[in-house]
Amino acid sequence: MPGKHQHFQEPEVGCCGKYFLFGFNIVFWVLGALFLAIGLWAWGEKGVLSNISALTDLGGLDPVWLFVVVGGVMSVLGFAGCIGALRENTFLLKFFSVFLGLIFFLELATGILAFVFKDWIRDQLNLFINNNVKAYRDDIDLQNLIDFAQEYWSCCGARGPNDWNLNIYFNCTDLNPSRERCGVPFSCCVRDPAEDVLNTQCGYDVRLKLVRGELEQQGFIHTKGCVGQFEKWLQDNLIVVAGVFMGIALLQIFGICLAQNLVSDIKAVKANWSKWNDDFENHWLTPTISEVLSTAGPQQNSLIGAPGPAPPSRHVFFGLGGLYPEPTFKNW
């Protein structure tokens with residue numbers, strides 16, 4: 001309708017999504033850097049950084065690996081998401097989405113395989129725990145992790161207390177000179193609520209005394225294996241565990257969608273600017289026949305059969321960012 005102006009909505013990058021992704025990832029980045037720093041500090045305290053071969057000498061799991069790997073992954077993801085959102089860098093945003101999607105599908109595949117191959121997972125868990133039982137005294141962090149697990153789940157060994165025969169300090173062979181021979185770690189003992197001080201020697205000779213019938217097995221140490229207790233704990237807390245994993249999965253999906261939406265906005269803005277530049281060049285920078293004739297000299301005009309008017313005065317036209325001189329074509 002005449003008298004009314006039509007307003008066209010140009011594409012733009014959403015500020016809310018951009019800065020939410022930036023803020024979320026900067027927290028993620030800082031936490032990842034903190035985990036990584038703790039892991040490297042722990043390795044430095046144990047002398048691993050000065051002797052890299054010590055990483056492969058340990059027969060069991062070094063818990064510091066968890067801090068280093070998790071911290072490294074979080075730092076990389078946080079950096080890509082944070083800088084990609086702040087600088088509107090589509091490469092970093094795509095890397096963030098692909099990396100996060102890969103982690104999501106690995107988690108999904110692990111959950112499906114664990115559900116389908118329960119027996120195989122149980123056997124691998126038994127093997128993993130027994131390998132760490134063998135290396136119980138080799139690393140203080142691994143020792144603390146095993147003690148925590150046995151105390152938390154009220155268990156002893158992978159299948160039972162006799163799994164500690166795999167450790168050179170606790171086995172019951174006659175050739176074992178250790179004071180801990182035929183014993184178990186203190187974390188296998190049943191705690192007396194009346195004790196204020198932890199008795200770290202409560203597991204000495206306990207399995208030998210059990211064989212002789214000097215102690216009641218169930219009242220003195222935990223007799224159930226940690227694999228069975230872990231399975232029981234999962235069943236008892238299935239809703240909580242499933243809720244945690246669902247929350248992590250939803251956060252990952254939300255992050256992927258947010259990054260892809262930001263990439264789409266950036267591409268739309270770039271496409272709009274490219275179209276505007278093309279229109280600008282076609283409208284203002286392509287000369288017409290009349291412009292050629294008006295800017296040509298008398299000699300050139302006579303060659304093409306047109307009178308040669310005087311050159312027009314130079315003027316300016318409005319454009320983005322201010323005034324621009326009218327383009328001239330000196331080569332005509």
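From the backbone N, Cα and C atoms, a Cβ is placed for every residue, glycine too.
These figures come from a predicted structure and were not determined experimentally.
Record features (TrEMBL):
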- 20-44: transmembrane segment (TRANSMEM)
- 64-86: transmembrane segment (TRANSMEM)
- 98-117: transmembrane segment (TRANSMEM)
- 238-259: transmembrane segment (TRANSMEM)
Could you pull out which residues elsewhere in the chain have a CB under 8 Å from any CB of the transmembrane segment (98-117), counting only those six or more residues past its ends? 73, 76-77, 80, 245, 248-249, 252-253, 255-256, 259
Checking distant contacts: for the transmembrane segment (20-44), what same-chain residues at least six beyond its ends satisfy Cβ-Cβ under 8 A? 64-68, 70-82, 85-86, 96, 141, 255, 258-259, 262
